[in-house]
Amino acid sequence: MAQNLKDLAGRLPAGPRGMGTALKLLLGAGAVAYGVRESVFTVEGGHRAIFFNRIGGVQQDTILAEGLHFRIPWFQYPIIYDIRARPRKISSPTGSKDLQMVNISLRVLSRPNAQELPSMYQRLGLDYEERVLPSIVNEVLKSVVAKFNASQLITQRAQVSLLIRRELTERAKDFSLILDDVAITELSFSREYTAAVEAKQVAQQEAQRAQFLVEKAKQEQRQKIVQAEGEAEAAKMLGEALSKNPGYIKLRKIRAAQNISKTIATSQNRIYLTADNLVLNLQDESFTRGSDSLIKGKK
């Protein structure tokens, strides 16, 4: 650029001596400004830069942090990396230990190791994610999922996720990648296996319901037996009481009449009942004889 400006100045027609000096100063200032602009660059927040020079290649010992930096124009130029963690979703069909097809998806939060950027650039370039992540994720998923049955992938999902995270983190270190988080976002099976699992669950629910009905019937049967035994015992005791003292039935009538009269007394309606309606007839000779015998028996 500076050489072009000098050539342009040489082709200009000669003028007054002062004008030529001013033009040379102007061209010199332009060349200096261009050189300064090309010598300065900025590394933004969350980024790192490395130098590539045209003689020695990538400088292994230079990793530039955020801020303003200088370089030698044409001889050096910066290569800037974004070192912030970025999410990526990767899906992979694989097979379980019992030969069931499993569709599994992972969310991987990854970033480059800032201390190894020069070697990463030499091996992988700037598109390191596309070159590395899909292949190592598929490799680890197939290795881990093959250790579990399809049912275990559901019941032991936390353990499966932990094992995938551990192996994938170690595998990524070989490519200067740091994984901040690995999580299973989707886990699905083939239609045939899903239908078989649903049918099994329905059968288990029906078996549990049948077992519940059987247990309920047994409980009801036991309850009826206990109730029948209680009624038989009560009838037996009542028969013994009547055989020993016929006045017992009269006493039951009195208690029944008391309950009836108490109910009528608390009612807002006025009701008139005869002694017969009260299950109590004081003029009944059998009642009098039974009551007297009851009183004598108590004495």
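Heads up, residue numbers simply count up from 1 along the chain you see.
Note: Cβ is positioned from N, Cα and C throughout, glycine not excepted.
Of the residues Tyr34, Tyr81, Tyr128, Swiss-Prot records the annotation phosphotyrosine for Tyr128.
Record note: of Lys173, Lys216, Lys250, Swiss-Prot gives the feature N6-acetyllysine to Lys250, with no matching annotation on the rest. According to Swiss-Prot, of the candidate residues Ser119, Ser151, Ser188, the site noted as phosphoserine is Ser151. Annotated range for region 'Necessary for transcriptional repression' in Swiss-Prot, selecting from 150-174, 275-299: 150-174. Feature region 'LC3-interaction region', per Swiss-Prot, maps to range 121-124 of the set 121-124, 209-212, 233-236. Panel annotation: around the region 'Necessary for transcriptional repression' (150-174), residues 96-98, 100, 102, 106, 108, 110, 132-133, 136-137, 139-141, 143-144, 181-184, 187, 189, 193 of the same chain, lying at least six beyond its termini, place a Cβ under 8 Å from a Cβ of the stretch. Calculated from their C-alpha atoms, the gap between Tyr128 (phosphotyrosine) and Lys236 (N6-acetyllysine) amounts to 95 Å. Comparing Lys262 (N6-acetyllysine) with Ser151 (phosphoserine), their Cα atoms are 69 Å apart once rounded. The DSSP breakdown of the region 'Necessary for transcriptional repression' (150-174) into helical (H, G, I), extended (E, B) and coil residues amounts to 23 helix, 0 strand, 2 coil.
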